[in-house]
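J.: One structure, as structure tokens, below. Some questions next.
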Amino acid sequence: MSEQLSNSPRDEDKDVEAGTSSFTDSEDSPFDIASTKNAPVERLRRWRQAALVLNASRRFRYTLDLKREEDKKRMLRKMRAHAQAIRAAHLFKAAASRVNGITSPPPTPGGGDFGIGREQIVSISRDQNIGSLQELGGVKGLSDLLKTNLEKGIHGDDDDISKRKSAFGSNTYPQKKGRSFWRFVWEASQDLTLIILIVAAAASLALGIKTEGIKKGWYDGISIAFAVLLVIVVTATSDYRQSLQFQNLNEEKRNIRIEVTRDGRRVEISIYDIVVPADGVLVAGHSLAVDESSMTGESKIVHKNPAKNPFLMSGCKVADGHGTMLVTGVGVNTEWGLLMASVSEDNGGETPLQVRLNGVATFIGIVGLTVAGVVLFVLVVRYFTGHTKNEAGAPQFVGGKTKFDHVLDDLVKIITVAVTIVVVAVPEGLPLAVTLTLAYSMRKMMADKALVRRLSACETMGSATTICSDKTGTLTLNEMTVVECYAGFQKMDPPDSSSKLPPAFTSILVEGIAHNTTGSVFRSESGEIQVSGSPTERAVLNWAIKLGMNFDALRSESSAIQFFPFNSEQKRGGVAVKSPDSSVRVHWKGAAEIVLGSCTHFMDENESLVDMSGDKMTELKNAINDMAARSLRCVAIAFRTFEADKIPTDEEQLSRWVLPEDDLVLLAIVGIKVRMVTGDNIQTARAIALECGILASDSDASEPNLIEGKVFRSYSEEERDRISEEISVMGRSSPNDKLLLVQSLKRKGHVVAVTGDGTNDAPALHEADIGLSMGIQGTEVAKEKSDIIILDDNFESVVKVVRWGRSVYANIQKFIQFQLTVNVAALVINVVAAISAGDVPLTAVQLLWVNLIMDTLGALALATEPPTDHLMDRPPVGRREPLITNIMWRNLFIQAMYQVTVLLILNFRGISILHLKSNPNPERVKNTVIFNAFVICQIFNEFNARKPDEINIFKGVLRNHLFVGIIGITIVLQVVIVEFLGTFASTIKLDWEMWLISIGIGSISWPLAVIGKCIPVPETPVSQYFRINRWRRNSSG
């Protein structure tokens, strides 16, 4: 069963702030990448080349390293070729030895505590040398040399593990050390504009000392250098903290939990605690098929058996079946470990939002460069034409009279201002704000039981319009118990009442349960019975134990000769068991209606075989439907006898022998209490969907809302596309049905998230925009193909992931609104002042401080806002929705125009308005008030940016300690700069009246924001108007 929780992206009501979804292809922009999942390398390279970048090492730090990716693929190809050449050589040598009758010398025993050394065992495993393995006595001989019991495993005490780690190494590989803080300082200093400012500071220092002397001449140069240094240190500190977060998250991703046998007991341990590695040889297994494409490059599935092909390589995935492996190599002693040691792990690649923000930063940067060029041109022209005045009101440049040193010093100051405008205008930190908020979100999502494997999945979840949810363990608790049973065609009450079953009946029943399972039963020293396996297996095994099953005794008395593992396609699993008297029984267990369909007899309470008449079959089907309607999972157990002489004796033929699945004898049908959503049966699916609220009422429980997988897959592609958006519940769905549904929904324009836990779910997880695997029940193949692992298998955690995904997008929009307001205001003020007065009110040092507030500190404050319930009231954010919505444009325009208007009035009429004519430094006080008011406006506007569409901007502010802390730090530093660093920042101490005026100017932005939010905005995005006008012009042309 697959539950699809969805609203169509085409006909839902739109949230005005979120913008309007558009699923049509936009213009062919290099920054328009709908999904970076499986994106072509050329497409990724194209946007990098198109971006306007001032500091490439910092901007592209958290994007996919395309060169390293190529190196990794090249190295993998070499290793594959090397491995295949060695295997071919061994095969050739073995064939030659057989022809010539040459026998190999006996292997030399290893030194130390074990009978075989590390080099010898690694050589056998890596070269897959079956001859050398046989010379050691096969898997049994190798296990004896390793002092490992093939049934009970190693002892696993501290002393034993210590000896094994010393002899065979630990299951880790050398990793490159994380970058040091000083590396981040170096990278932050690579910004082109900062380098130019450092050069300008050095020139200003030299010229200042030469023209004004050592006492005063060093002020300007040192001030700029100090401001640049402050920007570099703060930027590096922020980046370094971010890097440490990613390192911790990567450690969590690598720490995979697996099940091993130690001292006869199945225990779950970390892969780092495996002491005889992850390469190995197969001890025993059934229908074991392995996908070795990651190491060999060949996509075909390789079937393994202990006699002819027992070697298993780390880094490969089990595609089908199950088995027990004797580990022979760990860490760098495996081929995968060698590869990982050679190629350091990348940080996951860019995200679509990151790419789009690079496009926004490039556009803003081009505007900023143009503005800076205009300012530079105007200031230089005004200077050389004598229109630029000094403090005394005289022209700064007089042809033939002004000294060259003074001219050079003035030009350096003009260039410094122009370059600083570029620093403010080019939002270098904008794309990195995504990484900051993603790192924060990933850390918080870990606490919410969601491990993010691929960075972009975080933000893509915010766009998810459909969640195709698996049942098992996702929507409810992951526990199962047998609560109802039909055995011998009678209902047992209680279901574990063994006295109601005859001994021979019980004997056959528990034999099938003990062998036909992937779980196990272990009795601890204290006598406590512990059961492992999937929830269904645990439920059936616990029920059988209550019936008197002795798990170990049954498995040792009789032997399994062939196994058909349970899979999602067949919905059943079987095993052929040879008893001590050489009789053979084939046991089947699986979905009740499917197993029942193969039954021709049933065993009654007298141990007699009775024909399954039509009436009896109908009666049992009704019982199954009744249990399913009460949300019980129905499992049937059946068997048949088989002639021993018809079983293939040759091992090759036996491995290909298909278990007979007809003419079965029904033993029991059990109803398992589903404290989880499970949809073996359409009735179970319906009952649970009604209980969960996926279906509103019984009237909704019909096609196409409720549909069976086989019906859906029988439709043509066009018919599937037509009904896919209407499906709420799919019962009896196979993994392929899930894949077909995902593909259909994606064609309809949905952003699809899929949950899955089995190996067969891998194609759907890979195809989906976001694959969510289950951390408890999920196989490693499913986890490998997924983007996010839900650690507690709980659907509530999936919902939390959606909240965080939407929060990422919302936080970035808040930061964009805040940053663009500062950009627009600073640029307009400086341009207008430069053109009209020939001077700028904001100096280079002041602009660098504004840049620090706007860029690094602003990102920290706004990009780490926790998600709110308000986010879940909005529709999902579409792939093509504009980053800057109409509400953001409105807020931005109102705040920027207010700041520009007030500060320009102060710039031209400030001396008279502020009554500064009697002040000894009127110009300097006026410029200080402009600077102070501008910064305080940004502090007040930072609160506005928190809630772009809500009146109450203070809601939840005290819960965001980082935001409050950064606001506090900004205020303290502003006071220090104005009151105590006047020489460096070109400010002067202000009296309390000037401070009140500055605060008053800033505080008006709050009521202004409230008034602005009452102004309605059109639903059609502003960008859409430009696109329509451009289309009209192109059409008329």
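In case you wondered, yes, glycine gets a Cβ from its N, Cα and C as well.
Sharing the features that TrEMBL gives for it:
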type	residues	note
REGION	1-35	region 'Disordered'
DOMAIN	138-209	domain 'Cation-transporting P-type ATPase N-terminal'
TRANSMEM	192-209	transmembrane segment
TRANSMEM	221-240	transmembrane segment
TRANSMEM	360-384	transmembrane segment
TRANSMEM	414-440	transmembrane segment
TRANSMEM	820-838	transmembrane segment
TRANSMEM	844-864	transmembrane segment
TRANSMEM	962-982	transmembrane segment
TRANSMEM	994-1012	transmembrane segment
J.: Who are the chain neighbours of the transmembrane segment (962-982) in space, where the CB to CB distance is under 8 Å and they lie at least 6 residues beyond its ends?
T.: 849, 853, 857, 860-862, 864-865, 928, 931-932, 935-936, 939, 942, 946, 988-990
J.: Establish whether the number of Cβ pairs under 8 Å between the transmembrane segment (192-209) and the transmembrane segment (360-384) reaches at least three, counting only pairs separated by 6 or more residues.
T.: no
J.: When secondary structure is assigned with DSSP, how many helix, strand and coil residues does the domain 'Cation-transporting P-type ATPase N-terminal' (138-209) contain?
T.: 45 helix, 3 strand, 24 coil
J.: Considering only Cβ pairs within less than 8 angstroms, which of the stretches 221-240, 360-384, 414-440, 994-1012 has the most against the transmembrane segment (820-838)?
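T.: The stretch with the most close Cβ contacts to the transmembrane segment (820-838) is 360-384.
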J.: Restricting attention to the domain 'Cation-transporting P-type ATPase N-terminal' (138-209), give the mean pLDDT.
T.: 75
